[in-house]
Amino acid sequence: MAPSYFLLAALLATVTSVAIASDPSPLQDFCVADIHSPVKVNGFVCKDPMAVNADDFFKAANLDKPMDTRKSKVGSNVTLINVMQLPGLNTLGISLARIDYAPLGQNPPHTHPRATEILTVLEGTLYVGFVTSNPNKLFAKVLNKGDVFVFPQGLIHFQFNPIYDKPAVAIAALSSQNPGAITIANAVFGSKPPISDDVLAKAFQVQKGTIDWLQAQFWENNHN
């Protein structure tokens, strides 16, 4: 009986772990993040409920105003509202971003390791897509105002404004209070310390001089 019991327990633990989302589910009405607490947990510890007020759930984010894309090499500006900006998001498994695109600007290929993203075009036109894990199939679509597209969690995806004389704007909702973002080019060629050029030259099948040139570039973050 004992081996069967432990086998059943292991099976239930496996099934339960698969069912859990990226962020832990809340166990009370809210758990406003105590950003300044010295206690380290997966997420943030809860602020004393008696000290919570409406401002913990509010931010004057100015998301109705265009953001500056002129200083961005890639021609985009991402304004993210996550738990660091809005403590009331703690344990709620959601965050939000406004993305502004200059004409011919892009939000370059990147991933969110902890979140699925659903994107809505508010103004303009976007060419968007994501790539699956091996065998790396591309799913892409041209979106117009009012259209919606979903990027599954962890998959490389991008958005590009193909119009040369008009900007674009989108709003994205993400299924984590802290989705994270890994921009592929920045991570590969701009890591600190750098990845060995021997490794990258072999991986990309190019000369080491090409890798050295790429690593010497300034790989900026387009997140505001």
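Cβ atoms are placed via backbone N, Cα and C, with glycine included.
Some features that TrEMBL has for this protein:
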type	residues	note
BINDING	Asn107, His112, Glu117	oxalate binding site
BINDING	His110, His112, Glu117, His157	Mn(2+) binding site
DISULFID	Cys31-Cys46	disulfide bond
DOMAIN	61-212	domain 'Cupin type-1'
SIGNAL	1-21	signal peptide
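Counting only the Cα atoms, the space from Cys46 (disulfide bond) to His157 (Mn(2+) binding site) is about 33 angstrom. Close to the recorded oxalate site, the chain also has Ala97, His110, Thr111, Ala115, Leu119, Phe151, His157, Ala172, Leu174, Pro179, Ala181: residues not among Asn107, His112, Glu117 whose Cβ is within 8 Å of the site's Cβ mean position. In terms of Cα spacing, the recorded positions Cys31, Asn107, His112 that come within 10 Å of His157 (Mn(2+) binding site) are Asn107, His112.
The C-beta environment of His112 (oxalate binding site), restricted to residues of the same chain at least 6 apart in sequence and closer than 8 Å, consists of Phe151, Gln153, Gly154, Leu174, Ser176, Pro179, Gly180, Ala181, Ile182. Reported as a whole number, the C-alpha separation between Asn107 (oxalate binding site) and Cys31 (disulfide bond) equals 32 Å. Between the CA atoms of Glu117 (oxalate binding site) and Cys31 (disulfide bond) there is a gap of 23 Å, rounded to the nearest whole number. A C-beta separation below 8 Å, combined with a sequence spacing of at least six in one chain, links Cys31 (disulfide bond) to Phe44, Cys46, Lys47, Asn90, Thr91. Packing around Cys46 (disulfide bond) is summarised by its Cβ count: 20 other Cβ atoms lie within 10 angstroms of its Cβ, all protein chains included. For His110 (Mn(2+) binding site), the same-chain residues lying six or more positions away in sequence with a CB closer than 8 A to its CB are Ile156, His157, Phe158, Ala181, Ile182, Thr183, Ile184.
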